[in-house]
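**Student:** Pulled from TrEMBL, these are the listed features:
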type	residues	note
DOMAIN	57-288	domain 'Radical SAM core'
BINDING	C71, C75, C78	[4Fe-4S] cluster binding site
BINDING	F77, E183	S-adenosyl-L-methionine binding site
Amino acid sequence: MPATDYAARFREIRDKVESEERLSLDDGIFLYDPAVPLQEVGQLANLVRERKNGNVGYFNINTHLNPTNVCVYRCRFCAFRSDLRDPKGYAMSDEQIVERGREATENGCTEMHIVGGLHHKMPYEWYRGIIELLNKTYPQIHLKAWTAVEINWFEFQTKKSKQWVLQDMRDAGLGSMPGGGAEIFHPEVRDQLCEHKANTHEWLQIHQTAHEIGLRTNCTMLYGHVEQAYHRIDHLIRLRELQDRTGGFQVFIPLAFHPENTKLDNIKKPSALMDLRTMAISRLMLDNVQHIKAYWIMLGIETAQTALAYGADDIDGTVRHELIYHDAGATTPECLSVDHIKGLIAEAGRDPVERDTVYNHVHREPHDFTKWTSGAPVSV
Ligand code: SF4
């Protein structure tokens, strides 16, 4: 396309964004064209970001818990999983799980993010018991647990419906669901990455059911492996369509693929430019999702900071005990202090605001950091 045509096509998209008109599949694919200056895509995304979330940069204080890495599946992008008899395989005891909750409480965490493998030998009751035990021992901590892939496995184990599993987990103390397991929805890609686990229809149905029973959930996309721009935009549109029906997604998190120790280790990890372009295009396509997160663990600290000007309004949490992306070669620290994370947001020119998992303001007692309450929603 000649340069003048690119400029005209970009102007068309800018007009749509300025008048809050929805972008199409073709618009999204066009924005991935390297001939479209990243700076301009970023500026457009920033317009939407500031319209929706002002100058705020959100963060939370959280910890991760991966109860087991043993998994019946063998996703090609996964460096975390282990075979049942592999020495690297583990399954945490109740004591270890309670200890993780104690550490989280002492560090002022408002959230535990709980995901892991689908262990060949552990029954549904073990997974449910983790939620019940933590909820009974540390009721103030919000438990954001189990991807749709895990919920689908629990359906298989219990022979019950999605609704039953989600309600049963909720009765045990589940607070919300993370957005993992989405990968890339389009079958041309999904079948190459993870043909056996929950398919696209199942993933979307589980999130829809969760929203219908009142659980908020997150959504993600794993990019930078074998997919093309078309598959990414198709993925975003499928999320947007579900959000139109339910409104239950609270944040979208684009996840950069890390190839180390995976079956796709011949692929180079996406560049920072690709990360920023994907962040910006996600903000532009997902006009009905309030928040876009730059997950610093995967992006690296500098790219996550920069992403706050490319559509993102959240950089996730302080995080402790992250294993999944560090097993795949992430070189980021395993944890950031609260002062550090606030400093990173401020350095990027945004106002740091602590939120809880479901985006309420967190108020901390001035003389005891570990005591906190959740206040009003950060945005409507
Ligand atoms: S991504 Fe999840 S489901 Fe797939 S192999 Fe890894 S742990 Fe198992």
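Yeah, the Cβs are placed from backbone N, Cα and C, and that goes for glycine too.
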**Student:** Quick one: which of the binding-site residues (C71, F77, E183) have their CB closer than 6 Å to ligand 1?
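**Tutor:** Cβ < 6 Å from ligand 1, in sequence order: C71.
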**Student:** Quick check for the class: what is the C-alpha distance, in angstrom and rounded, between C71 ([4Fe-4S] cluster binding site) and F77 (S-adenosyl-L-methionine binding site)?
**Tutor:** 14
**Student:** Could you state the CA-to-CA distance between E183 (S-adenosyl-L-methionine binding site) and C75 ([4Fe-4S] cluster binding site) to the nearest Å?
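**Tutor:** So the Cα of C75 ([4Fe-4S] cluster binding site) lies 10 Å away from that of E183 (S-adenosyl-L-methionine binding site).
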**Student:** Which residues, sitting 6 or more apart from C75 ([4Fe-4S] cluster binding site) on the same chain, put a CB under 8 Å from its CB?
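**Tutor:** When sequence neighbours closer than 6 are ignored, C75 ([4Fe-4S] cluster binding site) has R81, E183, L193, C194, K197 within Cβ distance under 8 Å.
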**Student:** Can you give me the average pLDDT across the domain 'Radical SAM core' (57-288), rounded to a whole number?
**Tutor:** 97
**Student:** Neighbourhood of the [4Fe-4S] cluster site (C71, C75, C78): other residues with Cβ within 8 Å of the Cβ centroid, in order?
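**Tutor:** Close Cβ neighbours, site residues excluded: Y73, R74, F77, F80, R81, G117, C194, K197.
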**Student:** For a quick check of packing: other C-beta atoms within 10 Å of the C-beta of C71 ([4Fe-4S] cluster binding site), how many?
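**Tutor:** Taking every protein chain into account, the count is 22.
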**Student:** Between F77, C78, E183, which of the binding-site residues has the fewest other CB atoms within 10 angstroms in the structure shown?
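**Tutor:** Least crowded of the binding-site residues F77, C78, E183, by Cβ count within 10 Å, is C78.
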